[in-house]
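Residues annotated as active site, proton acceptor in TrEMBL: Lys168. The active site, proton donor annotation in TrEMBL covers Glu326. The domain 'Mandelate racemase/muconate lactonizing enzyme C-terminal' annotation in TrEMBL covers 146-244.
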Amino acid sequence: MSCLIESIETLLVDLPTIRPHKLSMATMATQTMVIVRLRCADGIEGLGEATTIGGLSYGPESPESMKVNLDTYLAPVLVGEDASNINLLMARLNKVAKGNAIAKSALETALLDAQGKRLGVSVATLLGGDRHSHLPVLWTLASGDTERDIEEAQRLVDERRHRDFKLKIGLRPVAEDLRHVAAIKAALGDDASVRVDVNQAWDENTAVRAIAALQEAGVELIEQPIPAHQHAGMARLSRRFEVAMLADEGVQDSADGLALIKQGFSGAFALKIAKSGGPSGALQLAHLAQAAGIGLYGGTMLEGTIGSVAALHAWATLPAMQWGTEMFGPLLLTDDIVTRPLRFAEFGVELPSGPGLGVELDEDRLREFAR
Ligand code: MUC
Ligand code: MG
């Protein structure tokens, strides 16, 4: 049976967050996802998700621009083509459109989901095979309130849901942030690890002063303290401190990865399928990191279940990641648009077994939350 692509539908879906999520550049009360439904002549539908954080505050793609660009420029390249040669189709997309990594990631995900369903195998199997079926997942404390964050963390440790915590800082004055982080680390003690994500908010001098104090307080990982393009600065910080540096916004894809490595950066890379134009690009970056002795971390754009599962299939093909993953996005949202939510337990998440992504849309919920 022919597997020509008949149509690609995109939907903006807004889901509320369970509490305000405060980052240095935005406070989120809802998350907006662009859901992609790629339908083929053989009756198979592939699902994908394009999600960013805080409108245009995180990067150059917004949910609304992704929908327009998918509908106007990207989807027309695929409609009428054979869905089974994903490498060829992604190369065509890259020829027609520069950048737009998040939108492209949704399309690659939908193509992988469709092909997996067609062959009766999981997306991880298509990517070479899963090495793990349970992956560790941390939680982000970002209510903006120290006591509330401590209660939230202690409850999650007691429930055996998470034991690694990432604190979002960089919005408040440095001295306040340092007090906040030290109080949380002291309250949690050795039961939990504490990391921070500054989301590019500091200059290098501020970073040097603050990181010394964070290291002293027992923080174990410092994520993107300075602006994304300052690769040499990130390399200097990684050499200066014992505490590990994690590049996030500064490492979108393997070209950035190579630039950081050439500058002498050591530490870890936050892999995100959204940053790298899809699972294949994120794995390319992971393989480069492995060759250079850079640590791996499975990152999120706070996607819902479809985007999170797509990433999990990719991360499952890698050796155990030194820094685990943060694929908790669905838990930050009050609702879900799939019939079977992900199962979070024992400080991690279970990889759905497929075929394809192994998720199914709940049409009623989708209608309820679609814009
Ligand atoms: C980021 O920059 O890492 C990931 C977890 C979270 O809370 O925010 C994101 C974005
Ligand atoms: Mg980050």
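Including glycine, each Cβ sits where the backbone N, Cα and C put it.
Curation does not apply to TrEMBL; its annotations are automatic.
Glu326 (active site, proton donor) sits 13 Å from the residue listed as 'active site, proton acceptor', taking the C-alpha atoms as the reference points. Look at Lys168 (active site, proton acceptor): DSSP puts it in a strand. Applying DSSP to the domain 'Mandelate racemase/muconate lactonizing enzyme C-terminal' (146-244) sorts its residues as follows: 55 helix, 14 strand, 30 coil.
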